[in-house]
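Chemist: For reference, the structure I am asking about is given below.
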Amino acid sequence: MATWANLGLQDSSSPLMEQLNFFHDHTLLILTMITILVGYIMGMLMFNQFTNRYLLHGQTIEIIWTVLPAIILMFIALPSLRLLYLMDEINTPSITLKSVGHQWYWSYEYSDFLNLEFDSYMIPTNELETNGFRLLDVDNRVVLPVNNQIRILVTATDVLHSWTVPSLGVKVDATPGRLNQLNFLINRPGLFFGQCSEICGANHSFMPIVIESIPMNYFIKWITNMTN
């Protein structure tokens, strides 16, 4: 989860988020190199005392500043396209979870099991336990197994929403009348927090998402208790 004064990305809890972290560092390195190079050239032009009689025309430098940015863009675009296609790929999911956005709460359906659906509301501050997280905890958490491919289907009943869990690298738009899907895998047990990331009305800030990832044997017990 996000913590106070956290300027970086959240710790990754899925292979997809790990790749997004690597891409962030890769892009930041390229941007740093560009900034240093441009700053150095500007400094040299401003503070040297040389006179260039051919400053208005230079075919070589024009070729360089046309070709070099194209090469740099390729180094950014190719990893980005790979990640975009990776996010859209569905790999034989073990479990399908359906999430429906409402004003202003989420409802969930485990479509692989009969009669397993519930609503998830934010716990108000005056009802929150001492060790709870303000504006993040919910009354019914989404429980998912660790190290299993999860497919999530996302839609909405009223206005646009967005189902987002940053530490998993997941962000899916919830659009009324449309079913969007995404595939992810959680590689460690724990609690993962997210929020609606599409402005959807007065209480947009008060519809959090909480995922609890547990081992498969505990997940089966939870499913059994919920369906009985």
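Placed from the backbone N, Cα and C atoms, the Cβ positions cover glycine too.
Copied straight from Swiss-Prot:
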type     : residues                       : note
TOPO_DOM : 1-26                           : topological domain 'Mitochondrial intermembrane'
TRANSMEM : 27-47                          : transmembrane segment
TOPO_DOM : 48-60                          : topological domain 'Mitochondrial matrix'
TRANSMEM : 61-81                          : transmembrane segment
TOPO_DOM : 82-228                         : topological domain 'Mitochondrial intermembrane'
BINDING  : His161, Cys196, Cys200, Met207 : Cu cation A1 binding site
BINDING  : Cys196, Glu198, Cys200, His204 : Cu cation A2 binding site
BINDING  : Glu198                         : Mg(2+) binding site
Chemist: Which has the fewest other CB atoms in a 10 Å radius around its CB: His161, His204, the listed binding-site residues?
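Modeler: Among the binding-site residues His161, His204, the sparsest Cβ neighbourhood within 10 Å belongs to His204.
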Chemist: Do you know which of the binding-site residues Cys196, Cys200, Met207 has the most other C-beta atoms within 10 angstroms of its C-beta?
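Modeler: Going through Cys196, Cys200, Met207 one by one, the largest Cβ count within 10 Å is at Cys196.
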Chemist: Give the mean pLDDT for the topological domain 'Mitochondrial matrix' (48-60) on the 0 to 100 scale.
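Modeler: Here the predicted model's pLDDT, averaged over the topological domain 'Mitochondrial matrix' (48-60), is 72.
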Chemist: Provide the three-state DSSP residue tally for the topological domain 'Mitochondrial intermembrane' (82-228): helix first, then strand, then coil.
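Modeler: Final tally across the stretch: 28 helix, 63 strand, 56 coil.
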Chemist: To see if you understand the setup: which same-chain residues, six or more apart in sequence, place their Cβ under 8 Å from that of Glu198 (Cu cation A2 binding site)?
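Modeler: Expected: Leu160, His161, Ser162, Asp173, Ala174, His204.
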Chemist: Could you pull out which residues elsewhere in the chain have a CB under 8 Å from any CB of the topological domain 'Mitochondrial intermembrane' (1-26), counting only those six or more residues past its ends?
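Modeler: For the topological domain 'Mitochondrial intermembrane' (1-26), the nonlocal Cβ contacts are 76, 79-80, 83, 86-87, 133, 136, 166-170, 184-188, 190-193, 213.
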